[in-house]
Amino acid sequence: MAAPLVLVVLAAVTVRAALYRSSLAVFIAERVELASPLNAWKRVVEGLALLDLGVSPYSGAIFHETPLIIYLFHFLIEYAELVFMITDVLTAVALYLAIQDFNKVVFKKQKLLIELDKYAPDVAELIQTPMEMHYIPLKVALFYLLNPYTVMSCVAKSTCAINNSVIAFFILATIKGSAFLSAVFLALATYQSLYPLTLFAPALLYLLQRQFIPIKLKSKSFWLYTMQYASLYLCSLVVIICLSFFLLNSWDFIPSVYGFILSVPDLTPNIGLFWYFFAEMFEHFSLFFVCVFQINVFFYTIPLAIKLKEHPVFFMFVQLAIISIFKSYPTVGDVALYMAFLPVWSHLYRFLRNIFILSCVLIFCSFLFPVLWHLWIYAGSANSNFYYAITLTFNIGQILLVSDYFYAFLRREYYLTHGLHLTRQDGTEAMLVLK
């Protein structure tokens with residue numbers, strides 16, 4: 001499997017290098033779908049210029065990245081293109097290794113459940129075979145590296161690529177069973193963009209399963225391990241924040257980064273749901289609705305944790321999708337990360353209801369983003385309603401896609417234990433309806 005992965009990496013690097021040297025690079029870097037006020041390369045360059053002049057990069061309203069990012073590029077600004085290409089490659093390799101280990105765990109779990117007669121006798125066709133699972137890690141790496149969203153984000157030099165890399169290493173550490181590294185990378189991911197805080201729950205559930213600790217609120221071992229993991233996470237986060245303070249000798253970055261993410265003061269158009277809504281809203285209502293919008297990312301964590309406590313990796317996938325849809329400043333780079341996991345759930349395709357229609361919706365929206373932007377900003381023959389309409393369609397498509405996978409996952413799990421051929425008490429064929 002190493003040779004095909006190397007070929008994928010070489011192809012991905014070649015495509016990126018060619019685009020960096022093309023005339024499209026400037027156009028791509030300007031796209032609002034690829035760079036938000038949080039992670040745009042122009043803002044990083046502005047922050048570096050202020051830092052070189054001895055001025056705090058957070059003194060104005062331009063720079064909103066974290067101190068560790070600006071100090072990283074302070075030393076590597078000449079090699080920025082190489083840094084972003086290496087970051088994408090590292091993300092793909094981390095995902096490859098993570099899914100490789102996850103498939104081994106799935107196979108062992110399937111084998112154990114078959115031996116214990118936990119599956120219905122007529123579900124052999126639903127069982128994943130080693131042959132089916134063999135190429136899934138490679139497909140995941142391929143889906144990430146050659147996804148146009150990832151390629152364009154890399155060429156635009158959006159720091160979203162670095163966030164994705166940190167999350168990928170967090171997933172790898174979690175699946176490997178390393179509580180310490182998992183907590184450290186989760187703290188780094190939270191430090192970068194705040195929303196990965198919601199990944200604490202699926203990571204904890206997975207690590208509890210690895211340690212064979214029962215997920216019961218009355219269990220002392222459950223609470224002891226939870227406190228240990230939470231302590232590692234919080235200590236790591238405190239260390240990283242204190243390191244940022246020592247680098248800048250100031251706490252200015254906290255309101256400039258986290259206050260900016262939560263209060264959404266910059267209403268530059270993007271692929272998210274916030275900008276248009278708050279541009280049209282009266283000022284005295286904005287605080288209430290900011291809270292309502294922000295709670296969306298965190299609201300679903302507890303219900304999903306209850307429903308998917310036996311399936312923490314699928315829970316992680318759903319949570320990543322929720323973050324990319326409902327965060328305040330999303331880009332297509334965020335979408336690319338959770339889409340890389342779609343090959344992992346290839347065994348659900350037979351249960352998906354609208355995959356073709358939703359795929360077409362997402363593809364057409366991707367092509368229409370620059371068209372409607374041009375009509376609005378340059379041609380003047382459209383207005384913000386047109387661009388927001390396609391943004392809304394794109395996000396609805398994502399929500400329906402994740403819902404479809406969620407429905408398919410639950411349906412397959414039900415069939416595994418109850419059998420494919422369901423019958424009513426009177427012997428007639430029954431239809432499965434999930435509510």
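Any Cβ shown, glycine's included, is placed from N, Cα and C.
Listed in TrEMBL:
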SIGNAL    1-17  signal peptide
TRANSMEM  68-99  transmembrane segment
TRANSMEM  166-187  transmembrane segment
TRANSMEM  193-209  transmembrane segment
TRANSMEM  230-251  transmembrane segment
TRANSMEM  257-278  transmembrane segment
TRANSMEM  285-306  transmembrane segment
TRANSMEM  351-373  transmembrane segment
TRANSMEM  385-407  transmembrane segment
Checklist entry - Hey, does the transmembrane segment (385-407) touch the transmembrane segment (193-209), meaning at least 3 C-beta pairs closer than 8 angstroms, sequence gap 6 or more? => result no
Checklist outcome for this item: Relative to the transmembrane segment (351-373), the stretch among 68-99, 230-251, 257-278, 285-306, 385-407 with the most Cβ pairs under 8 Å is 385-407
Checklist entry - What same-chain residues lie close to the transmembrane segment (230-251): Cβ under 8 Å, and 6 or more beyond its ends? => result 56, 58, 66-68, 71, 179-180, 183-184, 186-188, 190-191, 200
Checklist entry - Can at least 3 Cβ pairs under 8 A be found between the transmembrane segment (257-278) and the transmembrane segment (68-99), with each pair 6 or more apart in sequence? => result no
Item to check | Positions on the same chain near the transmembrane segment (68-99), where near means CB under 8 A and six or more residues out | outcome: 5, 8-9, 12-13, 16-17, 20, 41, 44, 47-48, 51, 57, 136-138, 140-141, 144-145, 150, 154, 157, 159, 161-162, 164-165, 168-169, 171-172, 175-176, 191-192, 240, 243-244, 247, 337, 340, 344
